[in-house]
Amino acid sequence: MAKKLYIKTHGCQMNEYDSARMADLLKTGEAVEVTDNADDADILLLNTCSIREKAQEKVFHQLGRWKSLKTKKPDLIIGVGGCVASQEGQAIIDRAPYVDMVFGPQTLHRLPDMITEVRTKGNGVGVVDVSFPEIEKFDNLPEPGADGPSAFVSIMEGCSKYCTFCVVPYTRGEEVSRPVDDVIAEVAHLAAQGVREVNLLGQNVNAYRGETHDGDQMDLAELIEVIATIDGIDRIRYTTSHPVEFSDALIEVYERVPELVSHLHLPVQSGSDRILAAMKRGHTALEYKSKLRRLRKIRPDISFSSDFIIGFPGETDKDFEDTMKLINDIGFDMSFSFIYSARPGTPASDLPDDTPMEVKKQRLSILQDRLNQNVMDISRKMVGSTQRILVTGLSKKDPGEYAGRTENNRIVNFRHENPEVVGHFIDVEIVEAYPNSLRGVPVSSELF
């Protein structure tokens, strides 16, 4: 009888990709089927994120809920992976001895061996592997299975920027790029399964420098041009980018590759040069704006989104005003924003912070109100326009409708008579705008 696997994922798109690969790996190695119900599982995996405040407590809170399942089912295997696992290692098992194994983002390919070791040793002997074997995991993962017409493809791991607030270099290691041929093979394999859109992933994806078969190197701009030639791939996205690595070559590729969507997520974190320097971001607000303006000249319809940290240590009213000015100047679309929380072991965690939490919350509210207004303004301007959307499946709100995404990542709900519309592009007229979605009407029955 097949063992049942349940995976709970916290955090970023990279973690979503890693969780999917864990499932692929375990389904290939033994008789395993994925379940949506933790109560039914024989193997429970928690893929963790350490970016936000109290990440560790969130992990132990979830593990506490699983402890009772272990009591009822002693042979149940519980594993913790991801960035909190990389940070905490053995400390997770010390605090939660019912956890059987702890593994980092770079060692998830060793899961089958770890599970075998747990079964051999029996309960009470935790297995920990949070080493950094660079790109080894990709050499030991099975070919990915497609799950719909859009897919994530990890092209690099880690970050070497060491921004003062960020824990990523300590949990995922230095930047390591996958070889070009490996990336191309994975994208081609997904395309053969009906994938029409790929989202290239990396903690600092535009720092990609992949080795070619002849020992040369290829950057992200060149990789995008190659991927665009793969039959069946009609949309390309990438995330997450760093402004310093947003090169002239990458800007220019938007002029040559129509498959590259007219949307860019480029985290800036702050609009204050003083705060950017304290964060060790390596650029000014003006340098950031100049790159986006160059890109907008090439793609006038492009939309931009970003990440913003509010209340970084020492942030003054003037610093916050500079951030709001940047938001107003650029007109950011859907973006992420949150109050700064110190991550253990990062340089910023040692900085004095005398800004009251109430002030930080007020600033965040002002910023989010402005961003939400931008989102609605952009959505309303889309009403009456014709948008080509990739149909991803049934609508989550109404199973009698279908849903798809625009280039600028808007969800569009619409009705259609042909069930074969899923996995295809169609043209729809946008007729209504809502806070989190759009409503569309197909302009023809033609599928692309």
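We number each residue from 1, going along the chain as drawn.
Even glycines carry a Cβ here, placed using N, Cα and C.
In the structure as shown, the Cβ atom of Cys49 ([4Fe-4S] cluster 1 binding site) sits within 10 Å of 19 other Cβ atoms. The secondary structure of Cys49 ([4Fe-4S] cluster 1 binding site), as reduced to three states from DSSP, is coil rather than helix or strand. Per Swiss-Prot, the feature [4Fe-4S] cluster 1 binding site maps to Cys12, Cys49, Cys83; the stated evidence is sequence analysis.
Long-range C-beta contacts of Cys163 ([4Fe-4S] cluster 2 binding site), restricted to its own chain and to partners at least six residues apart, with a cutoff below 8 Å, comprise Gln269, Met279, Lys280, Arg281. Under the three-state DSSP scheme, Cys163 ([4Fe-4S] cluster 2 binding site) falls in the coil class. The [4Fe-4S] cluster 2 binding site annotation in Swiss-Prot covers Cys159, Cys163, Cys166.
Summarising the annotation, Swiss-Prot assigns domain 'MTTase N-terminal' to 3-120 and lists sequence analysis as the type of evidence. Taken as a whole, the domain 'MTTase N-terminal' (3-120) shows an average pLDDT of 86 in this prediction.
Annotation source Swiss-Prot lists domain 'Radical SAM core' at 145-377.
Under the heading domain 'TRAM', Swiss-Prot lists 380-444.
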> How many neighbouring Cβ atoms, not counting its own, are there within 10 Å of the Cβ of Cys166 ([4Fe-4S] cluster 2 binding site)?
Replying inline: 21
> Can you list, in sequence order, the residues of the same chain other than Cys159, Cys163, Cys166 whose CB lies within 8 Å of the CB centroid of the [4Fe-4S] cluster 2 site?
Replying inline: Lys161, Tyr162, Phe165, Val167, Val168, Pro169, Gln203, Asn204
> Within 8 Å of the centroid of the Cβ atoms of Cys12, Cys49, Cys83, which other residues of that chain place their own Cβ, given that this set defines the recorded [4Fe-4S] cluster 1 site?
Replying inline: His10, Gly11, Met14, Asn15, Thr48, Ser50, Ile51, Gly82, Thr171
>> Test of understanding: give the count of other CB atoms lying within 10 angstroms of the CB of Cys83 ([4Fe-4S] cluster 1 binding site).
In response: 25
> Expressed to the nearest Å, what is the distance separating Cys12 ([4Fe-4S] cluster 1 binding site) and Cys159 ([4Fe-4S] cluster 2 binding site) at their Cα atoms?
Replying inline: 15
